[in-house]
Amino acid sequence: MAFQMVTQYAHSPEDIDHYNTDELRQQFLMAEIFVPGDIRLTYTYNDRMIFGGVTPTTTPLEIKLDQQLGVDYFLQRRELGFINIGGAGTVTIDGTTSDVAPHDGYYISMGTQSVIFASTDAKHPAKFYVVSTPAHRAYPSKQLAFKDTLAMPMGDQAHMNKRTIYKYIDASTMATCQLQMGYTVLAPGNSWNTMPAHTHARRMETYLYTEFGDPNTRVAHFLGTPENTKHIWLEPDQAVVNPSYSIHCGVGTTNYAFIWAMCGENQTYDDMDAVDMHDLR
């Protein structure tokens, strides 16, 4: 097993104003997430979220970050959520094993001492997209079947943003310390996500772009302040960090899906500030 965790520091809008393309990608993009047999994580100082991919093949994988986090075990002071976007797999939580079908997920409580990920078929491995945030108390762990998610149709064909938002971890349906997580699927023939744009000063957010409608699909993701936007081109299964001051929207050459995850001081989903189209630069 290879384990890799990189650190991305927090930056002010004035800092990123001077970044060239390579610098912007280095500071906000996670390019390699699902590597067979590996764990690939990013620790962003934006609200101290840890996110990335766990891709077990022949051997189960466990995230161990006690030394890096100054704790006795990974989730001693953290909670964790994941969504499986690969083949069938299992997760063993403190000795209890559960099946995890494609597109199913899990919320795992602070205080959980062992989380072991495995694939049912090594030739078609599970791809666990994991997100962990700081926690102050333990809430019950919960298995999250895709069929039970809260589905929200959004947008329309005329604006090329017809999509369905599937809420997995949401304050309206379950208790967490701060983690929110979901999966958005664009309908065929649609390309824009989160447009009109918004910001939410009390939360940061990561996007994992996945399930592209065509192998050659690419997504241009926009971030930065509304009056000074930047863009990053993403390939399948790449993720981007959006600071709390930043817009976060994208447009693809065909349809696609993405997993969003948020954390911060406010869990109200609608706590956001809309950006007028005339203000975008």
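Backbone N, Cα and C define each Cβ position, glycine as well.
According to Swiss-Prot, the features are:
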{"type": "BINDING", "residues": "H198, H200, E205, H248", "note": "Zn(2+) binding site"}
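The 10 Å shell around the Cβ of E205 (Zn(2+) binding site) contains 24 further Cβ atoms across the protein chains shown. With the fewest other C-beta atoms within 10 Å around its C-beta, H200 stands out among the binding-site residues H200, H248. Under DSSP, E205 (Zn(2+) binding site) is assigned to a strand (E or B) in the three-state scheme. Under the DSSP three-state reduction, H200 (Zn(2+) binding site) is assigned to coil, being neither helix nor strand.
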